[in-house]
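Engineer: One structure, as structure tokens, below. Some questions next.
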């Protein structure tokens, strides 16, 4: 794929064009401990997503503002996509916290969740806890109004996590030391993107 030719819905130069297709870290003088998602981490990320999607779909999520969350009838089971993961890793490997603009593939308009955790103790936060922080945003979600009427910065990771029409996920991760802060940065890309237009998070049962 020539990523320099991909025109993203949100515009901008594609991450895999701008930074090249290497996933090697490009973090200036920060000390990189490791980068990439291990097989175990990949399975954990997928399991947390699918268990949670299943829980919400079955109407078993009692949290919310107000709760509970209504059940869903069209929730896809997520599968891992290596291309999404690769593009997520290229971005994570820049050690720049934030969303990259253009990360679409020829197959998908791509959505994204990011998380970072830093500690002065020489330990790196477990990937599962980073993902669960997105899940916990459900506590602020009001299902009686549309997701667009909710306060996006409080619920946007949750809505992408359970966006029914999303089919595939791929994540990248990097662990580095920045001024004695032991930092774990996780980027997950989703296709097709959630939090999109005037669509609903999921169809209610």
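Keep in mind that glycine also has a Cβ here, set from the backbone N, Cα and C atoms.
Summarising the annotation, Swiss-Prot assigns disulfide bond to 4-17, 8-102, 27-95, 171-188. Summarising the annotation, Swiss-Prot assigns domain 'SCP' to 46-190.
On this model, are these features tucked inside or out on the surface, and what's nearby?
Structural biologist: Other Cβ atoms within 10 Å of the Cβ of residue 17 (disulfide bond) number 16 in total over all chains.
Reduced to three states, the DSSP call for residue 102 (disulfide bond) is strand.
Close to residue 27 (disulfide bond) in the fold, though at least 6 residues off in sequence, lie 93, 94, 95, 174, 176, each with a CB less than 8 Å from its CB.
Every protein chain shown contributes to the tally, and the Cβ of residue 188 (disulfide bond) ends up with 27 other Cβ atoms within 10 Å. In the three-state DSSP classification, residue 188 (disulfide bond) falls within a strand.
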Engineer: Would you mind reading off the Cα separation of residue 8 (disulfide bond) from residue 17 (disulfide bond), to the nearest angstrom?
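Structural biologist: The separation of the Cα atoms works out to 12 Å.
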Engineer: Helix, strand or coil by DSSP: which one applies to residue 4 (disulfide bond)?
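Structural biologist: It is helical.
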Engineer: Does DSSP give residue 17 (disulfide bond) helix, strand or coil?
Structural biologist: helix
